[in-house]
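A.B. asks: Straight out of Swiss-Prot:
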type	residues	note
BINDING	Gly106, Val107, Val108, Gly109, Asp110, Thr130, Ser131, Lys143, Lys152, Phe170, Leu171, Lys172, Thr173	NAD(+) binding site
BINDING	Glu185, His246, His263	Zn(2+) binding site
Amino acid sequence: MKTLEMELGQNSYSIFIEKGIMNDIGKRISKLYSGEKIVLITDDNVNKFYGEKLEKNIKDFGYDVFKIVIKAGEKSKNIKTLTDIYSRLAEFRITRSDLIVTLGGGVVGDIGGFAAATYLRGISYIQIPTSLLAQIDSSIGGKVAVDLEQGKNLVGNFYQPKAVFIDPLFLKTLDIRFLHDGMGEVIKYGAIRDGELFKRLEEFKDDNELMDNIEYVIHACCRIKKQVVENDEKDNGERMILNFGHTIGHAVEEFFHYEKFTHGECVAYGMYSITKNSERLGITKEGTTEKLKNIIKKYSLPFNIDNLKNERIYEIAALDKKSRGKFINLVLLKDIGDCFIEKVESKETYKYLRVV
């Protein structure tokens with residue numbers, strides 16, 4: 001088992017990475033929580049594979065377990081689903097001394113975590129991420145949110161979990177497209193902070209070799225995120241580097257109404273697009289875009305998307321959470337493994353955000 005300690009003072013917690021940890025989850029929770037009620041929030045896809053098993057495992061340790069199952073997919077991460085969750089929590093008579101457990105991918109973790117952060121002004125919660133993207137990114141660091149019609153993650157909070165339990169065996173039932181979806185974020189970590197990870201990703205022969213080394217990959221990504229979050233928990237400076245590729249990526253997701261491409265696919269395109277622009281401007285080392293293109297192709301992610309309209313992308317990007325007044329903070333690469341934040345005036349963003 002690999003364990004990382006997120007050091008955030010009173011908000012510190014452990015990140016556990018171990019194959020088979022889901023089989024021991026009730027015992028693990030009992031070491032962290034001595035109350036009676038646990039609300040398990042999951043989605044209909046994950047529930048089919050793991051809901052009943054984990055519910056029984058937790059009940060075996062004497063807890064009263066209540067389950068909330070939401071529809072899978074980004075379209076569920078909205079205010080209506082959130083209010084439905086609030087209503088169920090009220091029906092269950094949940095108090096601030098009870099516990100929420102989120103079991104699922106990024107959508108479940110985000111909306112379940114936001115419900116925990118806001119219901120009764122805060123209930124403790126534990127993350128059990130089941131997708132690669134959630135295991136290496138969204139379950140760690142305390143960002144919780146829901147989407148609005150105008151854009152992604154526009155209503156949110158910073159609310160740290162009591163613990164994160166990561167079981168790579170969940171990935172065995174993950175559709176190959178969603179494994180590659182997670183690789184969009186994995187590539188991001190290598191590109192911004194870890195050239196050695198990027199090199200290993202280039203060297204893996206196929207998905208089988210990737211899965212043989214998945215604990216290394218997960219740990220490498222979580223280690224980077226832990227370090228960045230510890231330095232900047234509230235996303236005022238360094239933590240913005242974790243949004244490399246996301247300004248364009250989120251805009252593309254919104255452009256297609258979250259229907260055509262996954263989050264990781266859009267991030268991959270966003271990384272390639274902004275780097276092609278910054279290399280053209282002489283900011284990024286020559287050849288970096290080609291390296292990104294090759295690794296994006298290797299993991300079946302898009303570097304070219306048809307039918308995008310620049311004006312709409314600029315319009316959506318203006319709502320990006322990295323915007324500050326008339327400026328937007330963009331994450332750019334100097335080279336693989338070396339990034340920086342560039343403060344760009346809104347009227348100049350087209351140079352960087354132009355779709356390619």
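Here, residue 1 is simply the first one shown, and the rest follow in order.
Here the Cβ of each residue, glycine as well, is placed from N, Cα and C on the backbone.
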A.B. asks: Val108 (NAD(+) binding site): which of the binding-site residues Glu185, His246, His263 is the nearest Cα neighbour?
C.D. replies: His263
A.B. asks: If I take the Cα of Gly106 (NAD(+) binding site) as reference, which of the binding-site residues Glu185, His246, His263 has the closest Cα?
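C.D. replies: Result for Gly106 (NAD(+) binding site): the nearest of the binding-site residues is His263.
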A.B. asks: Would you count the other C-beta atoms found within 10 angstroms of the C-beta of Thr173 (NAD(+) binding site) for me?
C.D. replies: 12
A.B. asks: Relative to the Cβ position of His263 (Zn(2+) binding site), how many further Cβ atoms are located within 10 Å?
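C.D. replies: His263 (Zn(2+) binding site): 27 neighbouring Cβ atoms within 10 Å.
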A.B. asks: In angstrom units, rounded to an integer, how far apart are the Cα atoms of Lys152 (NAD(+) binding site) and Glu185 (Zn(2+) binding site)?
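C.D. replies: Taking the Cα atoms only, Lys152 (NAD(+) binding site) lies 17 Å from Glu185 (Zn(2+) binding site).
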A.B. asks: To the nearest Å, how far is the Cα of Thr173 (NAD(+) binding site) from the Cα of His263 (Zn(2+) binding site)?
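C.D. replies: Computed Cα spacing between Thr173 (NAD(+) binding site) and His263 (Zn(2+) binding site) is 19 Å.
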A.B. asks: Between the Cα atoms of Ser131 (NAD(+) binding site) and His263 (Zn(2+) binding site), what distance do you get, rounded to the nearest Å?
C.D. replies: 12
A.B. asks: Roughly how many angstrom lie between the C-alpha atoms of His263 (Zn(2+) binding site) and Asp110 (NAD(+) binding site)?
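C.D. replies: Between the Cα atoms of His263 (Zn(2+) binding site) and Asp110 (NAD(+) binding site), the distance comes to 13 Å.
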A.B. asks: What number of additional C-beta atoms lies within 10 angstroms of the C-beta atom of Gly106 (NAD(+) binding site)?
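C.D. replies: So the number of other Cβ atoms within 10 Å of Gly106 (NAD(+) binding site) is 24.
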A.B. asks: Identify all same-chain residues not among Glu185, His246, His263 whose C-beta atom falls within 8 angstroms of the centroid of the Zn(2+) site's C-beta atoms; report them in sequence order.
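C.D. replies: In sequence order, the nearby non-listed residues are Leu133, Asp137, Gly184, Lys188, Gly245, Gly249, Gly264, Cys266, Val267, Gly270.
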A.B. asks: According to DSSP, folded down to helix, strand and coil, what is Lys152 (NAD(+) binding site)?
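C.D. replies: Lys152 (NAD(+) binding site) sits in a strand per DSSP.
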A.B. asks: Reported as an integer number of Å, what is the Cα distance between His246 (Zn(2+) binding site) and Leu171 (NAD(+) binding site)?
C.D. replies: 24
A.B. asks: Using CB atoms and a 10 A radius, I'd like the single residue among the binding-site residues Val108, Leu171 with the highest neighbour count.
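C.D. replies: Ranked by Cβ atoms within 10 Å, first place goes to Val108.
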